[in-house]
Amino acid sequence: YADQAEILDYMEGFLVSKTLFTACELGVFDLLASSQHPLSLEEVALGIRASQDGTERLLAACTGLDLLNTHTLDGQVMYSNTEQSSVYLTQSSPVSLTQSIHYSSKTIYLCWHYLTDAVREGSNQYEKAFGVKSEDLFEALYRSEEEMVKFMQLMNSIWNICGRDVVTAFNLSPFTTIYDLGGCSGALAKQCVLAYPECTVTIFDLPKVVKTSREHFVTNDNQRVSFHEGDFFKDALPDADLYILARILHDWTDVRSIELLTKVYRACRPGGGVLVVEALLCEDGSGPLTAQLYSLNMLVQTEGKERTAAEYTALLTAAGFQNIQVERTGKIYDAVLGRK
């Protein structure tokens, strides 16, 4: 039964995720990347400090997922990374997804254990998952320095890969003074100054996020990237030509989103604008699947949801923005530009 096989694939999808999570956490791909030649089962098991039986099963599953290559040498099976794994699953790669994978494994996956409760209750599940009350969303997200760094590493890996697509979806060269609200690790800001040599970007974020970003992510070499400490709901926004809200509005309700956009509109210079970067749903809600799943994740973790282009247009219009344009990148994240 073809339809039964498809349902079984969906049902067992978590097995694939956990296989990937475990291989990354044990350092399988890093170990193979550091070797000058393919490694045997015994060498991998020794290198990751795991049982030979368990390692054999894990390597077999990774091979079945096309994450590892196998070679036969003198009758012995040897393992190496595929090109895809070398690029995305090793910590040394500039576009590595390992930090994103660690965050998914240690934080998101635990929240999704309570998805049934989230659907029933219509609220996020931080208290059940971590024992942290979530009246202040980012107090829950940043409940420890370690958790905050993990989240920042997640955002860093996302924008290292997807950032250029969204900052070049529109020609932003007329905007020379840019504020990236909730700019986190600064990865999107760095993509912006690379694409537009005449602009400067200021990362506006909470003091502890700014401190961590300075220590771990943004070096003094980035002369056109600076910082401004603040809470974008509570503190005044400096005037600018353009404000970037990347993966920000999907955290919040419509009411809170309009509140923030109205504040941005009032601070924005005449002729300036706001760039909203989100995973857009189709207008009839029929897809894409990634955005649909992200919206469930917003339910489990935040107060918000993923939205359609029309819904973001309505939010921007309610805040006063005009001439709203939508650009779909064909990738995970799309761009919406509103002008003052």
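Note that Cβ sites are derived from N, Cα and C of the backbone, with glycine treated the same way.
TrEMBL labels come from automatic prediction, so no person has curated them.
Annotated features in TrEMBL:
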| type | residues | note |
| --- | --- | --- |
| DOMAIN | 8-90 | domain 'O-methyltransferase dimerisation' |
| DOMAIN | 112-322 | domain 'O-methyltransferase C-terminal' |
| ACT_SITE | HIS250 | active site, proton acceptor |
Averaged pLDDT score, the domain 'O-methyltransferase C-terminal' (112-322): 94
Within the domain 'O-methyltransferase dimerisation' (8-90), residues counted as helix, strand or coil by DSSP: 52 helix, 14 strand, 17 coil
Packing count at HIS250 (active site, proton acceptor) (other Cβ atoms within 10 Å of its Cβ): 24
